[in-house]
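J.: Residues or ranges marked as FAD binding site in TrEMBL: A:212, A:237-238, A:251-255, A:268-275, A:289. Look at TrEMBL and you will find A:13-192 tagged as domain 'Electron transfer flavoprotein alpha/beta-subunit N-terminal'.
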C-alpha cells in the first residue's frame, strides 16, 4: 500500500511494442523508459505466436504487464490491423499510448490517435509531466514544449533521447487480450531487408558517415575499412543515397534516421541543416572535409581540413595499430 | 470473338480512372534556418515554398494522370490568404482544380494535423476521391501525422513513406521505406498515400503554364464554413532555440586528429 502511494504517478501507460525476430526494438525500450516517467507501463505485443515474444518483453525491466494479442493479421505490423487493437485495449483505463519513433511507430500511433480523436505528439525528446512533452521542429532548429489537453495522450518517443530499459530484471505478468477482427483492407506482400554485418545504425556507439565527397559507391570501402576496427555503423547523407551509392536505410537526417552515437565521424559531409538534424545530439563529432568553409565545421568538436581519400586511410592505419 | 472483346474493353478502361486529391502546405523554405524570438518562431519575411514532400505528392498525382490512371487531380491547401500561391504552383504543374480553405493569420505552422485531417475528411465525403496523396511530413512542424490521421478518420488503408506506387485493378501496390529496407503492401481503394523523398523527382513549372494557372479559378472557402472544430489540442508552453554546441577546434593533421580522438575524447 505504502509502496503504491509512493510510486503513484498519474498515468497508466501502454507501450505498443515493436519486435523483430524475437528481439525488442531499441526504440521500444526507450518508450518504456519514457513511459515510466508518467506511470506504470504495460507493453502490448501482437502477432502470430505472440506468446513466445511476450516472454522476452516480460523480462524487460519496468514493464508491469505484457498484453498479448494472437493473430496472424498483426504479424507484419499493418496499421489498419493495429489501430483497432490499440483502440480496444486503451479502453482498459490507459492514459498514455507510446511507441518508439520508427517506421512502425510513426505509421501506427497517429492512426490509432485518429480513432480516439486525439492529436498525436511525435518524436518526443523529453517528458516534462504527464501532459507536457518536448519535441523538435524545423529540422531540429526549434525546441518546442507542448501541453496536450487530450484525455489519452498518443506519442512516439525518440529512441536516442531516452535510456533503453534493460532487457533483464523485469518480471511482468502476461495477460491475453482479445484479438480484433481483421480489417483486411491492406495486404502485406513482402519485405526487402538490406543485410549487413555492421552494427545497427540507430544503436551503434560509433557511426561513420559518408557524404557527397565520397564521389562514388566503391569509395565507401574506405569508410567500411575504418568502421571495421571501430565496430562502427556506416551511414550516409541524402545526396549519396539519391546518387545511388548506398541504400536509403543508411540515410541520416530530418527525413532519414536520427542517431546519437558516442562518436560520429563525417567524411566529405558538408553539414546541411537536414543532415545535422539527424545527428547533432552525438556526443563527440569529428569531420574530415577538404572544404574549409563547410558548415559542418561549426558543429564539429574536431575538424580536419584535408582530402578524405588521404586522411581516412591514414586514420584507419593508426586505429589498427 | 469480336463480341467478347468489346465489353471487356469497356471494363478494362472505365474503372481505371481515379480522382486524386493532393494536400499542399506552404512552409518556410527548407533551406532557410528559422529563428526564435520572444517565445515565437520568426517566419515573417522569410522565403516560403511548397513543402518539399508535397511537391513529390503533386508530381506523383500528375504522373498518374499522364499514365491515364487518374482523370482528375485536385490540389487542396489550408492556410491564410497567401497560401493561394502554393495552389497556383500546383495548377501550373498540372493539377486540374484547387480548393483553398482560408484560415486567419496566426501560428506559423497553421492548423494542427488533426484539424487538417478533419477538414480533408469533410472534403473526402463531398468529393469522393479514390486516392489522397500527401507529403510524409511538413518540414516546419516535422510532425508527420496528417496522412495517418486522415486514413484513420476515414478508416481507409494508408501507404506511408511511399517510394513507389503501382495501380492495378482497383488496388495500389505501395513500396514503403522502412527502417531496415523496403516493404511492399497492397491497399484497397480509396486510400491515403504519404510520399517519401524517393517516390519521384518533381518537375519545375513551365512559364506558359504558370501564366495559365493564374487564370484558373480557386474554390476558396472560409474554414469556419466547414463546421470542423479546429481548436488546437496542444498548447505551446514554450519555443526555444536548441542550446548551441560548444565551439570545436580545427586540427592540422591526421596525427593530431587521432591524438585528440584517442587521448582527449577517448572515442577511438
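Numbering starts at 1 and runs along the chain as displayed.
The backbone N, Cα and C atoms fix where each Cβ goes, and this holds for glycine too.
Annotations in TrEMBL come from automatic prediction, not curation.
Describe each of these features in terms of where it is and what it packs against.
T.: Residues within less than 8 Å, Cβ to Cβ, of residue A:272 (FAD binding site) and separated from it by at least 6 positions along the same chain comprise A:237, A:238, A:253, A:295. Under the DSSP three-state reduction, residue A:272 (FAD binding site) is assigned to coil, being neither helix nor strand.
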J.: Check each of A:212, A:269, A:275 (the binding-site residues) against chain B and write down, in sequence order, those whose C-beta lies under 8 A from a C-beta there; write 'none' if there are none.
T.: none
J.: Please determine which of the binding-site residues listed here (A:251, A:254) has the lowest count of neighbouring CB atoms within 10 Å.
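T.: Counting other Cβ atoms within 10 Å of each of the binding-site residues A:251, A:254 gives the minimum at A:254.
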J.: Validating a neighbour-count step here. Other CB atoms within 10 A of the CB of residue A:212 (FAD binding site): how many?
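T.: Summing over all protein chains shown, residue A:212 (FAD binding site) has 17 other Cβ atoms within 10 Å.
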J.: What's the number of neighbouring CB atoms sitting within 10 A of the CB on residue A:269 (FAD binding site)?
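T.: For residue A:269 (FAD binding site), the 10 Å Cβ neighbour count is 32.
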J.: How would DSSP class residue A:212 (FAD binding site) in three states?
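T.: In the DSSP reduction, residue A:212 (FAD binding site) maps to helix.
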J.: Looking only at the domain 'Electron transfer flavoprotein alpha/beta-subunit N-terminal' (A:13-192), report the model's average pLDDT.
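T.: The answer is 97, the mean pLDDT of the model over that range.
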J.: Including all protein chains shown, what's the count of other C-beta atoms within 10 A of the C-beta of residue A:275 (FAD binding site)?
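T.: For residue A:275 (FAD binding site), the 10 Å Cβ neighbour count is 29.
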